[in-house]
Number of protein chains: 2
Amino acid sequence: MRILLTNDDGIYSNGIRAAVKALSELGEVYVVAPLFQRSASGRAMTLHRPIRAKLVDVPGAKVAYGIDGTPTDCVIFAIARFGKFNLAVSGINLGENLSTEITVSGTASAAIEAATHGIPSIAMSLEVDWKKTLGEGEGIDFSVSALFLRRIAEKVLRRGLPKGVDMLNVNVPSDATPETPIAITRLARKRYCPTVEERIDPRGHPYYWIVGRRTTEFEPGTDAYALKMERKISITPINIDMTANVDFHNLLSELG
Amino acid sequence: MRILLTNDDGIYSNGIRAAVKALSELGEVYVVAPLFQRSASGRAMTLHRPIRAKLVDVPGAKVAYGIDGTPTDCVIFAIARFGKFNLAVSGINLGENLSTEITVSGTASAAIEAATHGIPSIAMSLEVDWKKTLGEGEGIDFSVSALFLRRIAEKVLRRGLPKGVDMLNVNVPSDATPETPIAITRLARKRYCPTVEERIDPRGHPYYWIVGRRTTEFEPGTDAYALKMERKISITPINIDMTANVDFHNLLSELG
């Protein structure tokens, strides 16, 4: 079995290293990941400049490249260089990826990119207490999330994804144990209410930070509710086709 | 009526200028757009550095800011600075935005960002013959696409979007006339098969360009078919919730 592994925290993240270990028991793991932190990249592609690829030593991987591009660039590079894969995994991400904001997430978007190439994919994210870790996830215990990644990946490799499902978006609570239950969930509508914070630079000119304020409302049945309120592992089945399920004939009379 | 206008080609694009003209007949147009070309940004947000905002003179706009960030940053900045809008428009983009690859498109992703804030939104793209234009769309006739943008925007402002529809993804053929028919479409599954092209730099080291090879298969009913084969204006109703419509109970027994 050939498994493509990427992430958005970068190839030196402890999260991707934990994923290599978990997945290398299931097949050959090809790691192609950004050289640096590329969170919130969405499904951006680097089209206006060329990208570079650097061989990196990642224990347990068949081969590993670090790319000075986005997570989506990594998926495109991997398929161009190595051909088809039986499974694509993105993660294990430092921090959860919930709600319709998954299209902002580099982790989830890389899995979406793989799905558009017909590769069953899994985006794997671990809720993190940021006070407890440094940049690459030092001090974070990935063992439980790695265990669940291995279990889920094994099932997807054996049976594929059900018809109508292109990708699984998985989130693991920070306090999960091997006995933590799984909930199949839908995406919450909104998880962040981003805004901007104005500051003044030393020369007296304004600049702005984007601030991702979190909502505190959690609707039962959603990924956010399962993770944050029920402390369950949430698995959301994703279909990449965002066409709204409405009556096209009515819509045409309204708009035409 | 308050209308937010953005794009991914940048605030100096002739496409956004044409949109200002069309929309200013319907309400106050607030333009917040990238200072530079930001195509293929997806729904990326700039979180690792602050952004700058610069007042730009855009005739017909109530106010216009150029941002050194992504299209999604622009939407967040606009809402933080000016409050709610009755409508958000992204475009008129130089070049079509079709298929499930709309999550790569900065144009469509900005409209998706606006939709997550509860603002009905329209992504507007014009098929372009690239041999006929320069960087900012010089030589391109936006009059027909601007006419359709005005028509559709007027209807959305008057009646909102139907339940279950968050955004309209509109594509106009390069040879459209005011009589060109509209087709309500679904997203094609895939429009590009991106790959990488290896080149060697003057120092003998490899670098890679991402190349977006287009597919030539067009399935009837899709946006790509309507635009490319039928030469119709395609309108695809988008729902931002990508949760797959499958049996959650079955999925849990498969994965649990």
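The backbone N, Cα and C atoms fix where each Cβ goes, and this holds for glycine too.
According to TrEMBL, the protein carries these features:
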- A:3-192: domain 'Survival protein SurE-like phosphatase/nucleotidase' (DOMAIN)
- A:D8, A:D9, A:S39, A:N93: divalent metal cation binding site (BINDING)
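What TrEMBL annotates, mapped onto the structure for a quick look.
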| residue | record | Cβ neighbours (10 Å) |
| --- | --- | --- |
| A:D8 | divalent metal cation binding site | 33 |
| A:D9 | divalent metal cation binding site | 26 |
| A:S39 | divalent metal cation binding site | 22 |
| A:N93 | divalent metal cation binding site | 30 |
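Using a CB-CB cutoff of under 8 Å against chain B, the binding-site residues that qualify from A:D8, A:D9, A:S39, A:N93 are A:S39. Under the DSSP three-state reduction, A:N93 (divalent metal cation binding site) is assigned to strand.
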